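Student: Marked as GTP binding site by TrEMBL: 56-62, 84-86, Arg351, 377-379, 459-461. Sequence annotations record features per position, and here TrEMBL assigns IMP binding site to Asp57, Glu58, Gly59, Lys60, Asn82, Ala83, Gly84, His85, Thr177, Arg191, Asn270, Thr285, Arg349. What TrEMBL records for Asp57, Gly84 is Mg(2+) binding site. The active site, proton acceptor annotation in TrEMBL covers Asp57. Residues or ranges marked as active site, proton donor in TrEMBL: His85. Per TrEMBL, active site is recorded for Lys188. For Val345, Thr346, Thr347, Gly348, Arg349, Arg350, Arg351, the entry in TrEMBL reads substrate binding site.
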Amino acid sequence: IGFSCTMANVNGRETVSLNGEPVVKRPRECSSQVTALRVPKEPQNKVTVVLGAQWGDEGKGKVVDLLAMDADIVCRCQGGNNAGHTVVVDSVEYDFHLLPSGVLNKKAVSFIGNGVVIHLPGLFDEAAKNLQKGLQGWEERLKISDRAHIVFNFHQAVDGIQEQQRQQQEGKNLGTTKKGIGPAYSSKAARNGIRVCDLVSDFKVFQDKFRMLAEHFLTMYPNLNIDIDGELEQLKGYAERLRPLVTDGVYFMHKALNGPSKKILVEGANAALLDIDFGTYPFVTSSNCTVGGVCTGLGVPPSYVGRVYGVVKAYTTRVGVGAFPTEQDNETGDLLQTRGREFGVTTGRRRRCGWLDLILVRYAHMVNGFSAIALTKLDILDTLPEIKVGVAYNVDGKPLPSFPANMDVLTRVSVEYKTLPGWCCSTEAARSFEDLPSQAQSYIRFIEDFLQVPVKWVGVGKSRESMIKLF
């Protein structure tokens, strides 16, 4: 076809000629470099993840606080100030909503990722309240992703209006925290949201975007009361305070993951059954609070996700409306509610209480792939002579093979229970698995056997010392 190709070895170099003209010169040493590139590189550092395995309020903050004590970086990857963690240190109760609870560790950097939506008045107010309790120097160790979206006051007002409308139209609301989280994520998805990078850049450009977004909501909700100029003035002040904290989140995480050895912790907000995709939709939050949210909310490649710990309360609670198969609307529920002090950290709402639902937790494990479990608030069960655990769902007399997507089905399930003996004595002084009563040990082993996931920690009180480590 009109050309000839030859390959020759000249002084250790492979030379390819086409019609006598050299076209490729490839040193032999390159082939070893190419081979090295083809071998997958093991991640230098992996993130450890703590996630809620039920409907939230499982005690994630306490587990994070425990792991954060020797962490180098503690991250939030999704949600907003609708989340609430309480951490008790030296008898002082700290409440966190936007700040990672790892901010208590003076040696760790706290990072708020791009998947979080940030209400700036809420952030600075939260910091000020915890400052009075002894949280010093938080601004020096907090970083915020430039890609995180902002929750404005009008998002919160819209949240309240939408809940009112649902109540009027359908006779029931979603039970949101009215913190503006849903409307802020809606703005993000509609691509008219405003990010942290906009606020700390040219304020005139930010101003135009803000006015446009405010007008958009005023068109949709004519009765909405927005003080555009007043809020812009407030935001101008926040921009100055925010600027030193803002960083390129993708580059920050990349350096942390691929640099010198570091312990990186990710604290999930909300929980698996509140996930926008996998939760009890529509009674869910507006973000992915399962393990996938770690990758998208921080810019972390999946291969860099290490251990994933699921936090499971020894019974089940739920705030607001929605299906709750193991709910005990009776004396047992009242006892759990009172002993467990089951009131929301964010809203103060009374939590609904019921028996531990292992079908629900197994479903959360299917989605998240838990490495191990932290079982919290075991001590709340101390006074019960017998304890029930949900182990199967039936609908119309037939077993349900999996956790249903349809909430109408979930409201109709009847639960099969396994009844286990209680221990009727205090576990609060226990500091090892052997210190626990034999019936409490059997309760823990039953959970492990059902889920086929080991229990790594057991919580028997509010303090750091009351988290028993099993292995």
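Glycine is treated like the rest: Cβ placed from N, Cα and C.
Please treat TrEMBL annotations as automatic predictions, because they have not gone through curation.
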Student: For the IMP site as recorded (Asp57, Glu58, Gly59, Lys60, Asn82, Ala83, Gly84, His85, Thr177, Arg191, Asn270, Thr285, Arg349), determine the largest distance between any two Cα atoms, in Å, rounded to the nearest integer.
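Tutor: About 34 Å separates the two most distant Cα atoms.
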Student: Specify the count of other C-beta atoms within 10 Å of the C-beta of Leu378 (GTP binding site).
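Tutor: The Cβ of Leu378 (GTP binding site) has 24 Cβ neighbours within 10 Å.
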Student: If you count, for each of the binding-site residues Thr177, Asn270, the other Cβ atoms lying within 10 Å of its Cβ, which residue has the minimum?
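Tutor: Among the binding-site residues Thr177, Asn270, the sparsest Cβ neighbourhood within 10 Å belongs to Thr177.
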Student: Determine, to the nearest whole angstrom, how far the Cα atom of Thr86 (GTP binding site) is from the Cα atom of Asp57 (IMP binding site).
Tutor: 10
Student: With Cβ-Cβ distance below 8 Å and at least 6 positions apart along the chain, what are the contacts of Gly56 (GTP binding site)? List them in sequence order.
Tutor: Ala83, Asn270, Ala271, Leu274, Val319
Student: Which residue, of the recorded positions Lys188, Arg349, has its CB surrounded by the fewest other CB atoms within 10 A?
Tutor: Arg349
Student: Please name the residue among the binding-site residues Asn82, Thr86 whose C-beta has the most neighbouring C-beta atoms within 10 angstroms.
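Tutor: Selected residue: Asn82.
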Student: With the cut-off set at 10 Å between Cβ atoms, which of these binding-site residues ends up with the most neighbours? Options: Gly59, Gly84, Gly348.
Tutor: Gly59
